[in-house]
Each structure stands twice: as structure tokens, then as C-alpha cells.
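Heads up, the thing below is written out as C-alpha cells.
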């Protein structure tokens with residue numbers, strides 16, 4: 001009997017040791033994952049717990065993390081438990097080639113392969129790096145680069161009758177587009193380029209490092225171009241509205257002076273370009289890399305080795321989705337038809353009316369203005 005008890009005790013001790021060994025082999029570590037995804041059919045990146053009818057990219061990611069054994073199931077239900085943070089909350093339908101998320105996981109063998117096995121093919125984890133324990137991908141990010149792919153007929157003047165497939169962007173129009181995009185560089189008050197922010201809200205001020213449109217190219221008989229924008233951070237719909245306003249000016253619906261006006265306190269009606277062509281290209285961690293990138297313990301958050309995989313993913317999933325959706329659903333063409341509905345001059349008239357009123361009432365009017373998304 002004693003021997004029997006002893007054997008049972010030894011067996012249970014051995015089981016506990018095995019479990020401990022397993023945990024020692026894969027303790028939880030803070031990492032970042034490099035993600036690429038096609039956002040069509042998703043309601044953005046960020047998970048809406050308790051709102052299952054609006055599927056997000058994070059719903060699929062969390063499910064794959066649980067199924068692969070990287071995180072326990074309860075961490076999937078409460079993402080704070082794994083210190084989860086995404087770099088950018090991409091909007092509905094928006095894709096990413098270089099999204100970064102930070103979280104604590106068990107570093108199991110063949111971790112990337114196992115996570116990807118539980119993800120649909122249009123969402124891929126392309127890289128993983130260990131980071132400092134206190135790392136937060138949103139707070140440590142210095143800048144974000146987005147691209148916006150659009151058919152060039154979007155820049156055709158409203159008075160010209162154009163056939164979409166045959167339209168080709170001329171040098172003069174491209175130069176004008178780039179001159180206007182360059183106006184966004186520097187720090188401006190972008191309260192008219194988002195919703196629910198008043199003109200005196202300090203968070204409406206944003207710093208844009210670069211913005212330009214590249215050379216046009218032909219895909220599936222239609223000409224496209226890609227606009228690149230790098231900024232410290234962006235508000236909801238900001239990039240789409242920045243591009244929407246430039247299109248409205250180039251097409252002849254709005255005067256160039258509207259750009260200066262839109263950064264002022266008055267409310268300006270800024271149109272929002274479709275979400276389809278918007279892609280989160282890259283996130284930048286320059287300060288973190290300077291401090292920890294070469295400390296001998298951590299790698300710099302650069303992804304040069306993954307660049308080829310990123311390019312392949314874009315060619316396979318992101319660009320074809322944008323091109324085919326544009327051809328089938330005509331999202332840009334349909335949106336262009338809404339531009340005449342916008343009133344690009346109303347705010348100037350309102351301003352004249354305000355000036356006639358007392359200083360007090362004009363102050364009240366001014367403090368009320370903020371960009372909305374009624375378009």
C-alpha cells in the first residue's frame with residue numbers, strides 16, 4: 001500500500017514537473033507581430049467585444065492566437081490580460097501591409113506558422129520580434145506611413161467628358177496634384193478632417209512629414225496612381241478627407257483657397273474619399289530603435305528581411321482587391337458623382353454673417369465648428 005501511494009505521489013509530482021517544464025519552455029514574453037491584411041469585408045482593425053455582427057481583423061487574430069496555443073482562452077476574451085495594443089486602428093475596408101501589434105504570448109515552437117495556420121489567407125503574420133516589457137506599439141510609434149491607390153480619372157476636370165479606362169493623367173495635372181498635397185506638410189489644425197473635434201481641441205493639430213503622388217501605372221487596362229503620406233499620427237478619416245479635398249480642387253469643384261480656410265476655425269465641408277484604396281504601409285519606431293535597437297538584448301524594429309514577403313502579399317491580396325473592387329463596384333466613380341452635392345462655399349458666407357454679429361455671438365459660433373462625417 002505504501003509503495004502504491006508513493007508511486008501515485010511520484011507520478012503526480014512528475015506531472016506537475018512536466019507542466020512546469022512546459023511553462024518554463026514557453027514563458028510569456030512581450031513581442032511585436034508584423035501583420036498584413038486585406039481589409040475588404042471587415043469593420044476595421046479594432047475588436048468590438050460583444051458586437052459579433054461587425055467582424056474585425058482582431059477577431060480573426062485573437063481566435064488564431066488562442067487556437068495556436070500562444071495565449072490562454074481568457075486572454076482572448078479580455079485583451080488587457082495580454083497587454084494587447086495595435087499601432088493603428090484602421091477603418092472599415094482599409095488594408096495594411098505593415099501593421100504592428102504588441103502583446104504578451106507564450107513563445108511556442110514554430111509560432112508564426114502555427115498562428116498563420118489558423119488565419120484566413122488574406123491575413124498573415126509576416127514577422128515577430130522580442131521587445132522591452134513596457135513596450136506599447138501605439139505609444140512608442142513615432143510616425144505612420146499610409147498609401148492611397150486610386151484610379152487617375154479621379155483627377156479629370158469635371159467639365160471634361162472622360163472614359164474611365166482610357167483616361168491618362170498628364171504631367172501638368174500630376175504636378176498640380178503634388179503642389180496641393182505638399183501644402184499639407186507641417187503642422188495644421190485638421191478639425192475639419194475628422195468628426196467630433198472642435199477647432200480649439202489641441203488634439204486636432206497634426207504634423208505631416210511628407211505627402212506626394214507617384215508616377216501613374218496601368219493595371220487591368222485602367223490607370224492608377226499611389227499617394228503616399230507620412231505623419232506623426234492621424235485621426236479617423238483624416239487621410240481620406242485630405243485626399244478628398246485635393247480631388248475636389250483638381251476637378252474644379254472647390255477653389256485652392258479652401259485648404260487654408262479648412263485649417264481655420266470655421267466649419268468647412270470636406271468630402272471623404274472612399275476607404276478602399278487606403279493601406280497602412282509602415283509604422284516607424286525611430287526613438288525606440290535609437291534607445292534599445294542596439295543594446296545587445298533587443299533587435300531594432302526594422303523589417304528589411306520581411307520586405308519581399310510584404311511586397312508579395314500586396315501583389316497577391318491588396319492590389320487585386322482594390323483594382324477588382326474598383327472595376328466591379330465603381331467605388332471611386334460613384335463617390336465622384338457625390339462631389340457636386342457638397343457646398344464648398346457655404347462657410348465663407350457664414351463667416352460674413354458672423355462678422356456682422358457681435359463679437360460674443362461670433363465666438364460662440366466659432367467654438368462649435370468641428371468636422372463631421374455626414375457625407
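Cβ atoms are placed via backbone N, Cα and C, with glycine included.
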Check each of the ranges 328-351, 352-375 against TrEMBL and return the one annotated as region 'Disordered'. 352-375
Euclidean distance between Cα atoms of residue 146 (substrate binding site) and residue 91 (active site, nucleophile), Å: 13
Counting across all protein chains present, how many other Cβ atoms fall within 10 Å of the Cβ of residue 146 (substrate binding site)? 24
What average pLDDT does the predicted model assign to the domain 'Pseudouridine synthase I TruA alpha/beta' (184-286)? 95
